[in-house]
Amino acid sequence: MILGIDEAGRGCLAGSLFVAGVVCGEKTALEFLEMGLKDSKKLGPKKRFFLEDKIKTHGEIKFWVVKKSANEIDNLGLGACLKLAVQEILENGRSLANQIKIDGNTAFGLNKRYPNIQTIIKGDERIAQIAMASVLAKAFKDREMRQLHALFKEYGWDKNCGYGTKQHIEAMIKLGATPFHRHSFTLKNRILNPKLLDVEQRLI
């Protein structure tokens, strides 16, 4: 059994960070690949929410989704929030899996305590359980930003999902930040450096 872990919302200017973990075996993973599972960034919202529902209701899958709010990110820092969320998933899921695979290139120093952790760059494209975790995290993030968009329509959160797009930054300059913005994420560099904006828009 493999425990796959991924996140959504790491680079956002607004809203929460979501980290998800999914445990299942090879047979179930294959079932989802046949349903069209892939990295959540390559799925449309309709397919993503469809797969989210299938993951959550599948009898052979265990999953966890941990939310860290903008306020927690401001108070603790993004790195600490990521580590705490991953650790919470590991505490819940490690006894069910003989392999732990995390998307990216860091185990946040947790590989000393959990020696069977493997970090995999672009893991959401290579490991089904990481792709499933990616789908859950992104679906939770999308849903949150759609709900917040109903309160603050000017920021375009239903489209940009909290990332620093041109429209989002222009709205922040004009209207200021909301209580759901990460105030520790300075906008100064993004406004002065259009290249950063281009990179962030490609991440959406």
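Glycine is treated like the rest: Cβ placed from N, Cα and C.
Note that the coordinates shown come from a computational prediction; the quantities given were computed from them, not determined experimentally.
When averaged over the domain 'RNase H type-2' (1-197), pLDDT in the model lands at 90. What Swiss-Prot records for 1-197 is domain 'RNase H type-2', and it gives sequence analysis as the kind of evidence.
Around Asp6 (divalent metal cation binding site), the C-beta neighbours below 8 angstroms that are at least 6 residues distant in the chain are Val19, Ala20, Ile102, Asp103, Gly123, Asp124, Ile130, Ala131, Ala133, Ser134, Ala137. The divalent metal cation binding site annotation in Swiss-Prot covers Asp6, Glu7, Asp103, and the record cites sequence analysis as its basis.
Classification of Glu7 (divalent metal cation binding site) by DSSP places it within a strand. For the divalent metal cation site, the Cβ centre of Asp6, Glu7, Asp103 serves as reference, and the other residues of the chain with Cβ at most 8 Å from it are Ile5, Ala8, Val19, Ala20, Ile102, Gly104, Gly123, Asp124, Ile130, Ala133, Ser134, Ala137. In sequence order, Leu17, Phe18, Val19, Ala20, Leu82, Ala85, Asp103, Ala137 are the residues of the chain that are 6 or more apart from Glu7 (divalent metal cation binding site) and have a CB within less than 8 Å of its CB.
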